[in-house]
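**Q** Quick one: this structure, given as structure tokens, is what I'll be asking you about.
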Amino acid sequence: MNMPNERLKWLMLFAAVALIACGSQTLAANPPDADQKGPVFLKEPTNRIDFSNSTGAEIECKASGNPMPEIIWIRSDGTAVGDVPGLRQISSDGKLVFPPFRAEDYRQEVHAQVYACLARNQFGSIISRDVHVRAVVAQYYEADVNKEHVIRGNSAVIKCLIPSFVADFVEVVSWHTDEEENYFPGAEYDGKYLVLPSGELHIREVGPEDGYKSYQCRTKHRLTGETRLSATKGRLVITEPVSSSPPKINALTYKPNIVESMASTAILCPAQGYPAPSFRWYKFIEGTTRKQAVVLNDRVKQVSGTLIIKDAVVEDSGKYLCVVNNSVGGESVETVLTVTAPLSAKIDPPTQTVDFGRPAVFTCQYTGNPIKTVSWMKDGKAIGHSEPVLRIESVKKEDKGMYQCFVRNDQESAEASAELKLGGRFDPPVIRQAFQEETMEPGPSVFLKCVAGGNPTPEISWELDGKKIANNDRYQVGQYVTVNGDVVSYLNITSVHANDGGLYKCIAKSKVGVAEHSAKLNVYGLPYIRQMEKKAIVAGETLIVTCPVAGYPIDSIVWERDNRALPINRKQKVFPNGTLIIENVERNSDQATYTCVAKNQEGYSARGSLEVQVMVPPQVLPFSFGESAADVGDIASANCVVPKGDLPLEIRWSLNSAPIVNGENGFTLVRLNKRTSLLNIDSLNAFHRGVYKCIATNPAGTSEYVAELQVNVPPRWILEPTDKAFAQGSDAKVECKADGFPKPQVTWKKAVGDTPGEYKDLKKSDNIRVEEGTLHVDNIQKTNEGYYLCEAINGIGSGLSAVIMISVQAPPEFTEKLRNQTARRGEPAVLQCEAKGEKPIGILWNMNNMRLDPKNDNRYTIREEILSTGVMSSLSIKRTERSDSALFTCVATNAFGSDDASINMIVQEVPEMPYALKVLDKSGRSVQLSWAQPYDGNSPLDRYIIEFKRSRASWSEIDRVIVPGHTTEAQVQKLSPATTYNIRIVAENAIGTSQSSEAVTIITAEEAPSGKPQNIKVEPVNQTTMRVTWKPPPRTEWNGEILGYYVGYKLSNTNSSYVFETINFITEEGKEHNLELQNLRVYTQYSVVIQAFNKIGAGPLSEEEKQFTAEGTPSQPPSDTACTTLTSQTIRVGWVSPPLESANGVIKTYKVVYAPSDEWYDETKRHYKKTASSDTVLHGLKKYTNYTMQVLATTAGGDGVRSVPIHCQTEPDVPEAPTDVKALVMGNAAILVSWRPPAQPNGIITQYTVYSKAEGAETETKTQKVPHYQMSFEATELEKNKPYEFWVTASTTIGEGQQSKSIVAMPSDQVPAKIASFDDTFTATFKEDAKMPCLAVGAPQPEITWKIKGVEFSANDRMRVLPDGSLLIKSVNRQDAGDYSCHAENSIAKDSITHKLIVLAPPQSPHVTLSATTTDALTVKLKPHEGDTAPLHGYTLHYKPEFGEWETSEVSVDSQKHNIEGLLCGSRYQVYATGFNNIGAGEASDILNTRTKGQKPKLPEKPRFIEVSSNSVSLHFKAWKDGGCPMSHFVVESKKRDQIEWNQISNNVKPDNNYVVLDLEPATWYNLRITAHNSAGFTVAEYDFATLTVTGGTIAPSRDLPELSAEDTIRIILSNLNLVVPVVAALLVIIIAIIVICILRSKGNHHKDDVVYNQTMGPGATLDKRRPDLRDELGYIAPPNRKLPPVPGSNYNTCDRIKRGRGGLRSNHSTWDPRRNPNLYEELKAPPVPMHGNHYGHAHGNAECHYRHPGMEDEICPYATFHLLGFREEMDPTKAMNFQTFPHQNGHAGPVPGHAGTMLPPGHPGHVHSRSGSQSMPRANRYQRKNSQGGQSSIYTPAPEYDDPANCAEEDQYRRYTRVNSQGGSLYSGPGPEYDDPANCAPEEDQYGSQYGGPYGQPYDHYGSRGSMGRRSIGSARNPGNGSPEPPPPPPRNHDMSNSSFNDSKESNEISEAECDRDHGPRGNYGAVKRSPQPKDQRTTEEMRKLIERNETGPKQLQLQQANGAGFTAYDTMAV
């Protein structure tokens, strides 16, 4: 083994360990570049990081340096931190990241750890402050409040107990009582209840009432923000005192307080006693046992026994004593308060560069409280220094690096860093060249060379096996320095021996470092061990020694002790290279002689011994000078004992690091023995205070211990203050400094008054402050002069105090430099000047800068008065004159200067009156005035007083307005509008008031009313109407003349706007106004407001009045009705309430209607049960009976809709007894027993049991089971002439029923004829077979005969007698009903029975007659057909209006009469009835045609209706007569006579009010058009009138041309033939030319023109199937001979010029003939009305006589929204797709027969005409698209949500106009959803149908019977159908309603825009449209489109339509 090499390896290992321990101290010593620096923290993590496991946390650490430092996170023990997957990560930017984690993943070593951030670069390392990381796992916790026991009258403290695991994160935020009292922290401290800063609830002076409350605390988690109430409620247990008791303190519960600075804290003193004790708090003076009372102020308060400190400061820290006393005893408790201040540290200087060997000093400057430890680190390693100042006496290379100062306490830490750089140039030694290991033979010489470099130049030394080599005869060391500065060293060994072998080392060393090199020199030879010197080592250290072996080769090296080879214990380690290591050396076990033995392979060995001496270092025992501080003059001593350590020991003492010399400064040092030193101080003084240190030293080491000696030193002056004098205005400073221990507190006080004695604290202000005992007074003034006391107190002795006088030397001063003084003219005046300052002071007076000498004017007198503060001088003036208005100046002078003051003397008088009063502006309530300012009397005008009054009042009854004197304009407010006022003004100054100005008169303007209508009452009239009544506002608030009222209403609790109606003012004094609001929703709350208006505007809205309409009946039945059979006589019925919106009221009860199903038709047999719950049990029912049940809800309005019938059957039960029993003798041994079934079988009869028993003997009863279908039993084997008793029972599955009556029979030879069957009633169904039994017995065999209705029966094809005697009737008919009797007869006897046969057949047509009519009801009388035999269950009454759909009503069979109510007034109706029974519905009666009473409105006389003024016209609508039908509304339009366009004024004027048309021009002719509406129609009236002139006069009538008669016209023409003939001829030529051109063009485009234009063709009309897309290409192209459709924005209608074709005898292109005969109405297809005789249809009929087939022009006309001549406008595809057009399905085509027109007998085919379209201004989504119930049609009905009363007529009006299309046809109702243009809304049939002639002739009849705005809808407006896609809007038009014209044609210009707007549709709340009588399946839009395509392209369908005369319906081009 190569021993030298091994030893070299181990030495290198130890060197590496040493290098690691030294950190980075072997870095290059070259001074860094200027921009290079060590690390410095930019962002240091905070001391504590608390986070929730649900949020996680990121800790950021940033540092700067050059090069950029590396960030490493370490634990508190210095080990590096790594990633823990999912729990802890270190991001690339140096952040320590804790992701959110689950509770079960919590790890304490990760989540509850102290971390630090380490930043390092090549210049050093720094470590951040400690980062205490604490993750909080969200845990459920509950806070508790316990009972607290308290004696009445004492204070109580209730604690909120928070579990410890969340206590650090949860705080109390409030307290709550069960009486809803809430208390929060930070409230005032003078209340009974106080929440302390620490969270407790403090209750002072507890009384009995406090014991009744319960208390809960609310806590908040500061990490999660969660708040919660305590789980328990605490109470106070209040004890009544029985006897006196001393105070008792429970101090164990409360811990010392630690609070952050500027936070609030409470120190508790929980004591109780009786009587209630008093509390007093003291604070101990720091370091002493003395205490002083706590001074209470705004910051420190005492509440009962609790001391509350707000905004705590560090000075508040200390020990507090609470002393509690009452009349019985006392107690006290101490509490320590620690106020912490955040720690911070700073090292001065932060960077310093120090040359080698020079000292370096770092000072750690820190703040905060408390400071527990101060420590220093270098490059992240502790250096064991705990003083604030770190001093390095001689800087070495290894001292360079980063130094840190750490300050710590229990809560936090802080650090500061500084860098020490080395100055100059330092190059550590470097071995540049060295010797290598060598093996050689003995003899030759050896030369070892070592070359080293460095700066400064190193010195090289040599060692052999760790022992320095010195020169001798064989070893020579030499060295020199090369020119490069390297040192070359040689070791010469002469004649090397074997003993010279070993480990040679050269060491290059300079003051900046060491470098070394070692290598083995192996010399062949025997083993040799060089002598080893004695080794001394300190106990506890590690011994490392290497055996110095020579010789080569060496086989082994071992160590021995006491001849035992080592190791012999765990502490010893032996290495093959000869190294011995002993750890933790101890004297007793390790001090010995160790032997090293070296051997070679030949067995030669060498031995060498090493003596190891273990030295023990000294150890000093702790000592102290006592716990409390000593006083001056006391004796102090301390013993320094060193129990351990080798002798000799040196023991030294130091004070504050300075050595203590025996006998100096009062110190006595006594060496009691070798190990003890005594320190004595005979008399303590301030010098002796400090830190004492005892230092014990021996060769093994040093030990020390420090103890502090506190000496209480009373204050002594360092600088005692003396009297001072300062110039006024200067900054004064008076020093007062004292020394002592504890450090004295220096305070200043000022004497109260002018003499010393009583002093008060100086108030802190901006100019007075005390800093470190020095009093500073900035800008000192005379007020600061006086005696001051400086006091220094530290609690030792009585303290020091000094009284000084501070004088302020001031020149004279006037406190008031300038003032005004006034005097009334002629009165005396005194002017005074007071000068303050050092006396003597002289004062002179000047007047207007001229010396005033009283001698020159005896009116002036000057007097002086000496004051304590100065001099007062007075100038008296006996009588003031105008000339005395001047500037007087007094000048004061003393030795220090002078000052002056001025008095502006003003002699005053009253002002003159204002003038030039003018009115600048006026309004209804104010007037703006201006005036000229008058002479002010040499005194500023204080104010103007504006006086005003009403013109009729006197000036003693005035109002005033005060105006500032500096203005000449003002506004007088609070005037009443439209009132005359007189106004004047006066001026006023301090002297008096002027005279009044001249008055002006004004009249205020009118304003809108300011008052609200009064006494508003809203009462429901019925379910849809409410009456509103009110009275006018107070007369004073009219502000003019009230013209009317706006009454607004809306649904309550909605954000919709009010809908207003206008009511004219009633002039009668005190009369109540009223208005009925109609068409409201049932049982809906409405809000009503009213405002009055005059010509200026509307007044304020009244307060909302809310009212419900009357309750209605529920419109929907209860849902989810179900029944459950409980027993044989009970059924449970359950249901769910109807939807709330359909209840229409408050549901009070539910009614259950029930009856057996077979009696359900009979109303009289139905039973009713009321209940308030949602289920009920029906009792007392028939057993095993099927019941039918319905449920309905009932409100105050009545019964609601019944639910769909449900059925349940009761359970079976045992049957009743058979109804009757017969026993018939059949022979001498047989009897036939027959019976009738039980009347109530109560189930299905399973069998009968016949019981028989012989009479007179105790024989057992015999039984015989008989099947259920057998009604007789033959008993045989009976004894002759022996009576037998028989009875029968019936059985069901439940059991056997009751027994029948007993009957006795006796067998006999005589068998008379008897019939076993019973009389019965048989019911047969129409056309079915019937059989009636007649079972007979007898001997001889009886003869059976039958009689029908008393007539003997003879057999025929339908009737015959069966062998068993039964009568069989086949195919029963109605005539078969009646009595059937069967007769049986033999020679002995005869018998008979009678059956009744009832034939069930559908009822025949009943008789319907009209009994009575009213305006809204018809009364019909119903009578069944005489031929009905089957019971009639009831009637179905069918009725419909002329243009409506069929409606039905069920009528009870018992009702003789029936009222059809809710009909339209003055309308035609059709009525018929059908009967029904349990077979079904019967035949229909004849149709009854009738009408309700009433007519259209009737025109009034013009004078009674119109009242004209200059700018308005009043309309008295009460002058109109309603024709018997209530008026619904009026439409008012007007225009000037010379204008064409009508202007709509209102389209919804209520009939009960007057109406005023405003804003007319005076002296102008106007046309007025009034359209009056009721349900019978409308009437139009036009009036001409001229407004009056401005003065009220009339204007001359207009000049109208005289009307010309026919004769006049002919005469004019004949007299101008020379002009007429050429004109006529020219016109004829032009017309002929146009006709020829048209014919030629039509031939070239025959198909296209026919398709587009010739739509009025007759039965052969068709559409070119080759061009189905023609409409799409062209849109709509107007035919050449027709007026074009209107351009959007134009003002004329196209409908008036379009010609209409007529079918029948007229040509296909005939124009409209106004004289043509009926029917002017194109009737609608009606549902099939059954004709008498079961004729349900009519296949063909000559309809041409009555009907025509309208073509495309007829259908298109109403819309008038098409594009011009092929011009196409792209529509919104989403809207265009929503609307399709469909052809009519002809009445004759298809399997469904056509239907007659509405007013014709059934069976006549008809074609349904389309509804005219209309347009109006855009309205949002007003109409919905509907699909009809049958056919292919599109229906528009109002959207149900639309509810605009401004455009809605009454509900009945629109029901009145309903039209139906069931089986086909096109039906349009209403405009598109967005355009609602009145320009095109007149229905064609009314425009042209009844204008002239016909049954409804008269020029205005198209407004007549049906009104121009006849609404067409599929079903009643009460029940609109289901919504479907809305149609697209038509092209836009001009929205200017004022310029629009309904129509420019003469034929139809009477219809107005108002009519169109008026008829937009019923209100949305009218409900759903009813279905047609015979509905077909609804089709989707896509299905309809496919159907259209099929119809258009199908030849068969077209041919069929041609054959049947089918025309094409107009296409809805609104979708183009």
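Along the chain as shown, the residues are counted starting at 1.
Keep in mind that glycine also has a Cβ here, set from the backbone N, Cα and C atoms.
Pasting the relevant annotations from Swiss-Prot:
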COMPBIAS  1826-1836  compositional bias 'Polar residues'
COMPBIAS  1994-2004  compositional bias 'Polar residues'
DOMAIN    39-134  domain 'Ig-like C2-type 1'
DOMAIN    138-230  domain 'Ig-like C2-type 2'
DOMAIN    428-522  domain 'Ig-like C2-type 5'
DOMAIN    527-613  domain 'Ig-like C2-type 6'
DOMAIN    618-712  domain 'Ig-like C2-type 7'
DOMAIN    715-807  domain 'Ig-like C2-type 8'
DOMAIN    812-904  domain 'Ig-like C2-type 9'
DOMAIN    913-1007  domain 'Fibronectin type-III 1'
DOMAIN    1117-1213  domain 'Fibronectin type-III 3'
DOMAIN    1217-1310  domain 'Fibronectin type-III 4'
DOMAIN    1312-1394  domain 'Ig-like C2-type 10'
DOMAIN    1499-1594  domain 'Fibronectin type-III 6'
CARBOHYD  Asn53  N-linked glycosylation site
CARBOHYD  Asn325  N-linked glycosylation site
CARBOHYD  Asn492  N-linked glycosylation site
CARBOHYD  Asn577  N-linked glycosylation site
CARBOHYD  Asn820  N-linked glycosylation site
CARBOHYD  Asn1022  N-linked glycosylation site
CARBOHYD  Asn1055  N-linked glycosylation site
CARBOHYD  Asn1186  N-linked glycosylation site
REGION    1688-1719  region 'Disordered'
REGION    1787-1846  region 'Disordered'
REGION    1862-2016  region 'Disordered'
MOTIF     1727-1730  motif 'PXXP motif 2'
MOTIF     1842-1845  motif 'YXXP motif 1'
SIGNAL    1-28  signal peptide
TRANSMEM  1619-1639  transmembrane segment
**Q** Cα-Cα separation of Asn1186 (N-linked glycosylation site) and Asn820 (N-linked glycosylation site), in Å?
**A** 114
**Q** What subset of the glycosylation sites Asn325, Asn492, Asn577, Asn820, Asn1022, Asn1055 lies within 10 angstroms of Asn53 (N-linked glycosylation site), using C-alpha positions?
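**A** Taking Asn325, Asn492, Asn577, Asn820, Asn1022, Asn1055 one by one, none has a Cα falling within 10 Å of Asn53 (N-linked glycosylation site).
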**Q** For the domain 'Ig-like C2-type 9' (812-904) and the domain 'Ig-like C2-type 7' (618-712), does the number of C-beta pairs under 8 Å, pairs 6 or more apart in sequence, reach 3 or more?
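**A** Contact criterion not met.
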**Q** Helix, strand, coil: count each for the residues of the domain 'Ig-like C2-type 7' (618-712), based on DSSP.
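**A** Each residue of the domain 'Ig-like C2-type 7' (618-712) counted once, the result is 3 helix, 51 strand, 41 coil.
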**Q** Could you give the mean pLDDT over the domain 'Ig-like C2-type 5' (428-522), rounded to a whole number?
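**A** Mean per-residue confidence for the domain 'Ig-like C2-type 5' (428-522): 92 out of 100.
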**Q** Give the distance between the Cα atoms of Asn492 (N-linked glycosylation site) and Asn325 (N-linked glycosylation site), rounded to the nearest whole Å.
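**A** Here the two Cα atoms are 97 Å apart.
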**Q** Specify the nearest of the glycosylation sites Asn325, Asn577, Asn820, Asn1055 to Asn1022 (N-linked glycosylation site), where nearness means the distance between Cα atoms.
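**A** Nearest by Cα distance to Asn1022 (N-linked glycosylation site): Asn1055.
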**Q** With Asn325 (N-linked glycosylation site) as the reference Cα, tell me which of the glycosylation sites Asn577, Asn820, Asn1055 is the closest one.
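**A** Among Asn577, Asn820, Asn1055, Asn820.
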**Q** Rounded to an integer, what is the Cα-Cα distance in Å between Asn577 (N-linked glycosylation site) and Asn1055 (N-linked glycosylation site)?
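**A** Between the alpha carbons of Asn577 (N-linked glycosylation site) and Asn1055 (N-linked glycosylation site) there are 103 Å.
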**Q** Hey, how far is Asn1055 (N-linked glycosylation site) from Asn820 (N-linked glycosylation site), Cα to Cα, in Å?
**A** 65
**Q** Looking only at Asn53, Asn1022, which of these glycosylation sites has the biggest number of Cβ atoms within 10 Å around its Cβ?
**A** Asn53
**Q** In the domain 'Ig-like C2-type 10' (1312-1394), how many residues does DSSP call helix, how many strand, and how many coil?
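**A** Split into helix, strand and coil, the domain 'Ig-like C2-type 10' (1312-1394) gives 3 helix, 44 strand, 36 coil.
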**Q** Enumerate same-chain residues with a sequence separation of six or more from Asn820 (N-linked glycosylation site) and a Cβ-Cβ distance below 8 A; give 'none' if the list is empty.
**A** Ile903, Asn904, Ile906
**Q** Just give the helix, strand and coil counts over the domain 'Fibronectin type-III 3' (1117-1213), going by DSSP.
**A** 10 helix, 46 strand, 41 coil
**Q** Radius 10 Å, atoms counted are CB only; among the glycosylation sites Asn325, Asn492, Asn577, Asn1055, Asn1186, which position scores highest?
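**A** Answer by Cβ density within 10 Å: Asn577.
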